[in-house]
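What Swiss-Prot records for this protein:
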MOD_RES   M1  N-acetylmethionine
COMPBIAS  7-22  compositional bias 'Polar residues'
DOMAIN    11-73  domain 'IBB'
MOD_RES   S75  phosphoserine
REGION    210-329  region 'Necessary for binding to the m3G-cap structure'
COMPBIAS  349-358  compositional bias 'Polar residues'
MOD_RES   S351  phosphoserine
Amino acid sequence: MEELSQALASSFSVSQELNSTAAPHPRLCQYKSKYSSLEQSERRRQLLELQKSKRLDYVNHARRLAEDDWTGMESGEEENKKDEEEMDIDPSKKLPKRYANQLMLSEWLIDVPSDLGQEWIVVVCPVGKRALIVASRGSTSAYTKSGYCVNRFSSLLPGGNRRNSTTAKDYTILDCIYSEVNQTYYVLDVMCWRGHPFYDCQTDFRFYWMHSKLPEEEGLGEKTKINPFKFVGLKNFPCTPESLCEVLSMDFPFEVDGLLFYHKQTHYSPGSTPLVGWLRPYMVSDILGVAVPAGPLTTKPEYAGHQLQQIIEHKRSQEDTKEKLTHKASENGHYELEHLSTPKLRNPPHSSESLMDN
């Protein structure tokens, strides 16, 4: 335990927020065992099949988030409270549950999809912190992935200020990345717009809707008294080799953190999913086998070899049996992406045994 504590202390930046995006990504050995039992490609196939029959009540789910109305949920919370009392959990360490784990998170793109160029789209992401944005009843709230409300302000989102919140049904829920440097919420995805939920809609439609509706809200992309933070939609691009090369040669109005790859048919499902993949820009050449132009985005940092080696070893290990995979996961470590933003380490790891900055 002491060795583990020392390793964590040396690699994770200090933060009071659980799973803070100010901390580096978990190392490979923290990859959950349930993600080791099946290949990433197989889990993608199963999830696409599952979402065809899985129809959750997202209308009420979105309404609860917007109105902070959890009537009827108390019984389940009471059962959880009893379980926590039996486990003797410190009340001060319990997390807010209602707004926690509401964002769809990615996994490292390990198994390259055979239909990448046809069925996937890519979004270039800025350095920042993931945020759940809820605009309702004349106010806009920003929550962390862990469910903490970190800010309340007015915005020009539907339902986000007292002027445009004409009815209780005018609420909006967005998945964003907040850039403190640019004082901007970059919109990744839309879960609800003017009271209409989009959880069960495919990614390509959600993105189309988002980029159609955001420009209609005049002044949303400007910083004003009634809209103190800009809201800007992140563009998406095809995943063909030609498109990826063009994207990686572009200039962006923000510091680029990485690339999110979305399957076009993916519904918005809170939690980690293999239907959304994550790569740093310099990984595209090695992982996807795409020739990329030389430039700032594709320049490999000193620690790049360690990250790539772990991912490539994972791909090779999938030729082994399930038992060997599970053993290798605990030995060499395989991981899923719990954070989006990745701050730079002052002293990048130079040992394969050190924690990775991913």
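Positions of Cβ are set from backbone N, Cα and C atoms, glycine also.
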For the region 'Necessary for binding to the m3G-cap structure' (210-329), the mean pLDDT of the predicted model: 86
DSSP-assigned states of the region 'Necessary for binding to the m3G-cap structure' (210-329) in counts, ordered helix, strand, coil: 45 helix, 24 strand, 51 coil
